[in-house]
C-alpha cells in the first residue's frame, strides 16, 4: 500500500485529524494531483496555515513522515489504534516538518487550485533579521523528540507544548529555544543542563525558521548548529523555574492555611514552626513581589504584568520578555504544584510537578510498616535529634502529625531496604536537599510501582540560605524510625 492510499484510508476513519489531511495533501501534490491536494489543505485548516509559516530543513520532513507511516502501519497490523496517541504524535510533527510548496498564502487557501504563493524568505534571512533586534531568547522545555515519537510520555507539559506554540505562531516571541527532557517511563526528567534542541525565530512578517541544535542531531540527517553560547542562559532559566516552583508552592500552602497571601518573604521563612521555607535565595527575593502581584490579580497561568508583555503582533515578545522568560508569554514554566511521591516497591522518593520529575532518590522503608496513603509535611525540623547526630539525621519532615516522617539516618545500609519501623530514611545529602525543595504543607503520596528505578539527582544540589531557628528544642521526637 503506497503512502497516499494509506493516508486516504486513515482520513476516512479519522476525518477530524487535520494533520492527516495535510500529509495526504502533500502526497497528492507530489503526484501532480493539484485539485485533490487543495481539497486536503482546506480540510487541514489551521494546520496548513501554521506549516506555511515554518522553515525547517527538508530532510527532517522526510525522516518524520517515514516514521509516522511506519508507526501507523505497525499499529494497524497489531490492531492497537489509540486515538489520543495518534493525535499527540501528529502534533509532534509540527515541530519538525518544513512547509509544503503548496498553493496558498499564510492565513488562507486560494480559491483557484493553480494559484501560486510568493517566494518565502529563507530560514537564514529570517534568523539574520531576528538576530539584528533580538536580545536574549525565551525558553521552553519539551520531551526529547526521539522519545516522543515512540509514543510515550505525551503530556500537556511535555511534548505537546512546542507544537501548541506552532499552532498559534502569532503568539511566538522573536526568538525561542526549546530544551529537551529525557523520558523514563511516563516521566519527563527535568534538570538545569537540559540539551538544547532547536531555536525558533519569528520575523516581523510572521515567517518562522527552526534551527536544529546538537540535542536534535538524532532527529534529522542535518548538521546542527552549535548552541554552546546558550548554555549559561539556558541553565539560568531552568534554575529560575525550579526556584519559582518552590516559592510558589510555599505561597499557596501559606494561603491555604491563613486565607491570605503572605505580605513578605519573611512570613515564609520564620523560625520553627512557621518555617514554610527552609530559607531563601536571591532569585526568590527578587521575584516575590512579582509573583504575589500575579496571584493578587487572580491571573490565569501565562498572564504577566502589562509592562512585561511583549508585542506579539509586531514580533517583539522576546524584546520585552515576561519576568520568567518562558516562551511564549514569559510566565512560570511549571503549571502543576510540587508534590512528593514515595514508591514502596522501588524504594524511591521523587519530587514531581505533574508528569515532570525533578528528583528521584533512593530511600529506606519499613515494608508493611510503611503505610500507603496521602499525607502532608506538617513539620520541618533541623536536627530533630537535638544534635547533628542520631537516628533521624540532620533533617526531619513529619507526615500529617503522625509518627511517620521523612528523615536522615546513620544506618546507610538500610537505604534501599525494608528495615525501618515505618519511616522513610534518606541519605544525608538527599534529605538536606529535599528539606530545601519542598515547603511545609507539601503533599506526600505513598504508592506502589509508580516510579522508575533510575536515580535522578544533580551534581550541584539545590540549596537555600537557611533561616535561623529551625530546630525544636521544646520537643523530643519519637518517630517510628
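Yeah, the Cβs are placed from backbone N, Cα and C, and that goes for glycine too.
Checked against TrEMBL, the range among 266-297, 298-329, 330-361 recorded as region 'Disordered' is 298-329. Checking the ranges 85-102, 103-120, 121-138 against TrEMBL, the transmembrane segment annotation falls on 85-102. Assigned with DSSP, the residues of the domain 'L,D-TPase catalytic' (338-447) fall into helix, strand and coil as follows: 16 helix, 50 strand, 44 coil. Recorded residues residue 407 (active site, proton donor/acceptor) and residue 423 (active site, nucleophile) have their alpha carbons 8 Å apart, per Cα-Cα distance.
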